[in-house]
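Each remark here refers to the structure printed beneath this line.
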Amino acid sequence: MSILDVLQGNRGLMPESYKTLSVADMERRVAELKQKWGPKLLIPGHHYQKDEVIQFADITGDSLQLAQMAAQNQEAEFIVFCGVHFMAETADMLTADRQTVVLPDMRAGCSMADMANMEQTERAWKHLQELVGDTIIPLTYVNSTAEIKAFVGRHGGATVTSSNAKQVLEWALKQKERILFLPDQHLGRNTAYDLGIPLDEMAVWNPMTDQLETERDPATAKIILWKGHCSVHEKFTVDHVRSIRERDKNIRVIVHPECSYEVVQFADCAGSTKFIIDTIRAAEPGTRWAVGTEMNLVQRIKQQYPEQQIESLNPDMCPCLTMNRIDLPHLLWALEQIDQGEPVGVIRVGEQVRQEAVLALNRMLAIR
Ligand code: 13P
Ligand code: SF4
């Protein structure tokens, strides 16, 4: 069932009765089902998930860790993925056919992944080939649909995550003269800049106007950035960094590379959700941090590392609304449906798309 089916037909939505259950009752029932199913059930949880869900996760991680885990797990019959749709699709493509991946709420999408569709991508590719010939390798952030990953796989490219973007870009630049980077312009720009590529060698492809935005000859563009972004991370601005530093000149600013180039340049450091956690964990006790990433994670690190002084870079905090759709009632509902032999939210990527998308995923997983 696609997300569209769910939204249009109101099918596959959790019954209202789950919303009136007490937390204690839900927690007890989830714990019992986990106990009953043992290793035949695996619950991966992305770092942005709510605590009420994360407490039941068998493994937590950033996108790369969760993809690696999916590729390695042989035992689980059901993988109840607590994250967003593209992550569950990736898990489905990297697990065996006998394993079933379930997303507890099919409405848990990613607005960034929706910023590149196949029609736009085919149009962009044709246009760019006419402009610069067969000189481009496509890369896609894992925050993209399985179809986009398949497109990239078909054209010799790879997926990237925020933890391995640098290595994958380095690899890609050995394959072809230039890169088309989908769909997050910020991760692409920040990573390429880190590798020493100047901003004037980067152009932006606008999928709304079908135009390459550059003041220079397109042939000089080494990196072509898709004009997409994360609606959560765009809410961190240079003004936030400035005002926090005015208040506290010793505070360290750490952000996710989905933030804009200006914010990343102004911050002390940038990296994936895992990098943010590891860096704060390893810091001297008493270090003051302003963190530019999703609010559930910021709040969790605050609780887990009370010896550090942690606050959000944006005082209004930024939740990822789609990540937040996975909550305790949805987790319980997904597990009870599995237990009754009627799983809901099953993610199954079609065979043709899977084969090509896996090429892109495996190229990424092979790069160290
Ligand atoms: P990570 O790979 O850093 O976990 O990021 C995933 C994501 O969606 C961030 O918005
Ligand atoms: Fe997508 Fe941004 Fe949410 Fe990550 S934080 S899942 S990129 S909308």
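The backbone N, Cα and C atoms fix where each Cβ goes, and this holds for glycine too.
Owing to the predicted nature of the structure, the values given are computational and were not obtained by experimental measurement.
So that you can see what the record holds, here are the features copied from TrEMBL:
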BINDING   His46, Ser63, Tyr141, Val142, Asn143, Ser162, His256, Pro257, Glu258, Thr273  iminosuccinate binding site
BINDING   Cys110, Cys230, Cys320  [4Fe-4S] cluster binding site
Ask   = Taking DSSP three-state, what's His46 (iminosuccinate binding site) in: helix, strand or coil?
value = strand
Key: Integer Å distance between the CA atoms belonging to Cys320 ([4Fe-4S] cluster binding site) and His46 (iminosuccinate binding site)   = 12
Request  = Round to a whole number and give the Cα-to-Cα distance in Å for the pair Cys110 ([4Fe-4S] cluster binding site) and Tyr141 (iminosuccinate binding site).
outcome  = 12
Query = Could you give the maximum C-alpha to C-alpha distance in Å for the residues His46, Ser63, Tyr141, Val142, Asn143, Ser162, His256, Pro257, Glu258, Thr273 that bind iminosuccinate per the record?
reply = 17
Note = Among binding-site residues His46, Tyr141, His256, close to ligand 2 by Cβ (under 6 Å) are none
Key: Residues close to [4Fe-4S] cluster site centre defined by Cys110, Cys230, Cys320, Cβ within 8 Å   = Val84, Ser111, Met112, Ala113, Asn143, Ser231, Val232, His233, Glu258, Glu294, Thr322, Met323
Inquiry  = Please list the binding-site residues from Tyr141, Asn143, Glu258, Cys320 whose Cβ falls under 6 Å of any atom in ligand 1.
reply    = Asn143, Glu258
